[in-house]
Protein chains: 4
Amino acid sequence: MNDKLQIADKTFSSRLFTGTGKFSSSALMKSALLASESELITVALKRVDVQDKDDDILSHLNHPRINLLPNTSGVRNAKEAVFAAQLSREALETNWIKLEIHPDPKYLLPDPIETLKAAEALVKLGFVVMPYIHADPVLCKRLEEVGTQCVMPLGAPIGSNKGLKTQDFLEIIIDQSNVPVIVDAGIGAPSHAAYAMELGADAVLVNTAIAVSQNPTAMAIAFKLAVEAGRIAHQAKLAPIVHKKAEASSPLTSFLN
Amino acid sequence: MNDKLQIADKTFSSRLFTGTGKFSSSALMKSALLASESELITVALKRVDVQDKDDDILSHLNHPRINLLPNTSGVRNAKEAVFAAQLSREALETNWIKLEIHPDPKYLLPDPIETLKAAEALVKLGFVVMPYIHADPVLCKRLEEVGTQCVMPLGAPIGSNKGLKTQDFLEIIIDQSNVPVIVDAGIGAPSHAAYAMELGADAVLVNTAIAVSQNPTAMAIAFKLAVEAGRIAHQAKLAPIVHKKAEASSPLTSFLN
Amino acid sequence: MNDKLQIADKTFSSRLFTGTGKFSSSALMKSALLASESELITVALKRVDVQDKDDDILSHLNHPRINLLPNTSGVRNAKEAVFAAQLSREALETNWIKLEIHPDPKYLLPDPIETLKAAEALVKLGFVVMPYIHADPVLCKRLEEVGTQCVMPLGAPIGSNKGLKTQDFLEIIIDQSNVPVIVDAGIGAPSHAAYAMELGADAVLVNTAIAVSQNPTAMAIAFKLAVEAGRIAHQAKLAPIVHKKAEASSPLTSFLN
Amino acid sequence: MNDKLQIADKTFSSRLFTGTGKFSSSALMKSALLASESELITVALKRVDVQDKDDDILSHLNHPRINLLPNTSGVRNAKEAVFAAQLSREALETNWIKLEIHPDPKYLLPDPIETLKAAEALVKLGFVVMPYIHADPVLCKRLEEVGTQCVMPLGAPIGSNKGLKTQDFLEIIIDQSNVPVIVDAGIGAPSHAAYAMELGADAVLVNTAIAVSQNPTAMAIAFKLAVEAGRIAHQAKLAPIVHKKAEASSPLTSFLN
């Protein structure tokens, strides 16, 4: 089955994107991320020593399969985001940027206004922009219109592990989108990841749920399998949910009589 | 990883049990069930020509990995169930029986009273009894006490594809049970199967969701992967759901300043 | 609007049944129960001094509107339940009995087998039997067949305040039942009570959620209003849930042009 | 109990706001809206003949208790919204405006960017701005910062009757907001309205669910009661949801022995 995901100039075999935060050690991070077979891994620019090519995190992610996706986590507005992205492009030699603008340190929810403004500017500057946003269908369309290469709506508050609480809106976003839809934030279990893929998401990004598991490497494998399961199920089409009246798996007959 | 499931005298590598109903052809059924790698497959006794060793369904399920699990679907009370089980043992040469007693033809929900009565009788007659029941924790304990080798609580009305609607009770059942807990009925998507396994179920039984998919063989593979994902996640321990206050995947710093 | 509820020989204006457990004082209990306008109030037989007509709880419930409903909470099997009911009839001069048999002290979930057995015996002894049971549609039918005057399926584990977790099965029970369906256990908020009534339940029983509120009397009023709201909505018919495609509350026109 | 809601210069006894769309006749609308006891009723500016003081809708809403809330439904951007609001102020002699900007005619979801822009302009022009928006906590804070007198996040796609699908985000909005939070769109049943109030919403706006009921006047009463129930419950504090382990309403004793 040739079911690759295309974003800008890159082609991905894996639809599980991952992150580098919260692992208890770099060795565990490396083991888990390799086991996940993820090909796109986000790293917070603020955690990288951009002066140092031998930076610890970067050296662990140095692998032919892995594409680095720097993110702007920590910036509070469009201006800071654009500056951070430019810094990142220079230091890490990639024009891909995960755009995260969350002014509020408590819930880390994204700012729709600043995100759109920064996205527009960054697209003009030649970036491949992957914006982390609320599951707001209108905002997703506007981001697509200014040229982002995908949209990354959240499933639930980041770090909550609550799953697809925004399901009703993700369905609309998926229905309307002309760019890949990647569910970001809130995915706390492989079943959540499978569900996102069943709904028709093009990929998911998982970080916390892998990093804080008692066994991150095993959990990474679980997510890999779940994403594959959900993708296959989406293509094979799920049986419809039947309301009110049940039907037997096999017809009743009077076989005993 | 050696993570086998033991029921009575048999050991299973796969925790996905399947059924034979509703497939549009025997060829499709065979293809899907082989792809699922399921080692325990239920077949309605009423659909088998017990006089005929070359019966169509049975011949398709003739494979070294496959164990046949005849079920009593269609019987209305304990007496009929015991009779059907005895017939089955003689004809199919197995003392395993999936006990299904649903007097009502509309919703096909199991009868707790007759099921317990039949289970007790069948255990005394030397059967390995696998009872399909409501997700009733007290009933599950009573079945365990009369000697059933597992319990098979339903997740949702059979054929509804609604998933784990009985979740709160399944958690209690799993917490209390000394025999394997196999979630039966209602599982309509790989994400549901993964979720059941994450909760700690020992296995799931899936039939409709595979059989009525547009691509049963692909869907069987999706369920196989999802069950593996859920099982691994259960063992690696999921990150807890965080209520109210979110936490960032990576700490905020003043890196831009 | 004449919308009374009939059970056996009694007619109720209020569809909110209540209980007497967990209040921090008898005075608070009395205030809350009067404010609820409940006409059927359950009291655990084990908490009543049946030798003493001036028993504290009973004297607080002495009110022309209030019917006492003794319950068998604490018994572990049918035999104990029948004995308790007979004791109750003699002491409290009522043949109404709320039948609760929960052998397990941890979750207090009802035993389907013993409950049916006791119900059958008590009906023969002339009792008006109100059985607390799992939301098991087949068991509900069997109880109706042996002559219980209503069924009292649970919404969620008792004391959990989780609401109508058994919704899919309550719908089937309501659809099939020829006797009143009263949702018991799990109702933790007025919105849950309203929802039960919207689904078509004939009444709800609420205890913990009122008793442990910071303001039991206010909470009792809230439940009273919510039950009325849900009942009226059920009769006026709810608008259907619209999946997938939204519709505007008012049509779009080109009024600005 | 003095529990009034203050918005700008007005004080409301009722926390149920209503709308005028979708009623099958003006007489039914009038009957239902009076029965609801709603004091703030929204009307689409596009449906009003602003040249005609005897306009049909307006004349039906002419009642001392009723405050009219014109809305901008049908406009596609900030510029149109500001123009419509000014037209409305002149014609209807109110500076209150419900700001609705939904460029997409299929789902009628609000545009966050244009809504913030229009809100800022309208506040400067002296309007009392009530913005209909996605349940986006960051956007709500930004609207509050530009001076809107409340925020009106949606519960579910408009007209879907699905209830509080945005619950997790509404909780954050309510937690953070310094202006009243009014849940708008998606409320399809009195139980949903009660739930919104239990969560701590200051009011709800209901239109479709009343207008398309088989008995709009009865349904209006049901919503009135449910909103009161939810508000009282919020103030009396709900009992907490108990996970995992249940507790009995009354302690178990060995009373029968």
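Any Cβ shown, glycine's included, is placed from N, Cα and C.
All TrEMBL annotations are machine predictions without curation.
Record note: TrEMBL gives A:Ala185, A:Gly186, A:Asn207, A:Thr208 as 1-deoxy-D-xylulose 5-phosphate-binding, and the candidate from A:Gly126, A:Gly147, A:Gly159 in that site is A:Gly159.
Predicted-model confidence for the domain 'Thiazole synthase ThiG' (A:6-251) is 92, expressed as mean pLDDT. In this structure, the C-alpha atom of A:Asn207 (1-deoxy-D-xylulose 5-phosphate binding site) lies 14 angstrom from that of A:Lys98 (active site, schiff-base intermediate with DXP). When the alpha carbons of A:Ala185 (1-deoxy-D-xylulose 5-phosphate binding site) and A:Lys98 (active site, schiff-base intermediate with DXP) are compared, the span between them is 13 angstrom. In this structure, the CA atom of A:Gly186 (1-deoxy-D-xylulose 5-phosphate binding site) is 17 Å away from the CA atom of A:Lys98 (active site, schiff-base intermediate with DXP). Taking the Cα atom of each, A:Lys98 (active site, schiff-base intermediate with DXP) and A:Thr208 (1-deoxy-D-xylulose 5-phosphate binding site) are about 17 angstrom apart.
Most buried of the binding-site residues A:Gly159, A:Gly186, judged by other Cβ atoms within 10 Å, is A:Gly186. Around the Cβ of A:Thr208 (1-deoxy-D-xylulose 5-phosphate binding site), the same chain contributes A:Gly19, A:Gly21, A:Lys22, A:Ile158, A:Gly159, A:Asn161, A:Gly188, each under 8 angstroms and 6 or more positions distant in sequence. Proximity to chain B (Cβ-Cβ under 8 A) holds for A:Gly159 out of the recorded positions A:Lys98, A:Gly159, A:Gly186. According to its DSSP assignment, A:Thr208 (1-deoxy-D-xylulose 5-phosphate binding site) is helical. The DSSP secondary structure for A:Lys98 (active site, schiff-base intermediate with DXP) is strand.
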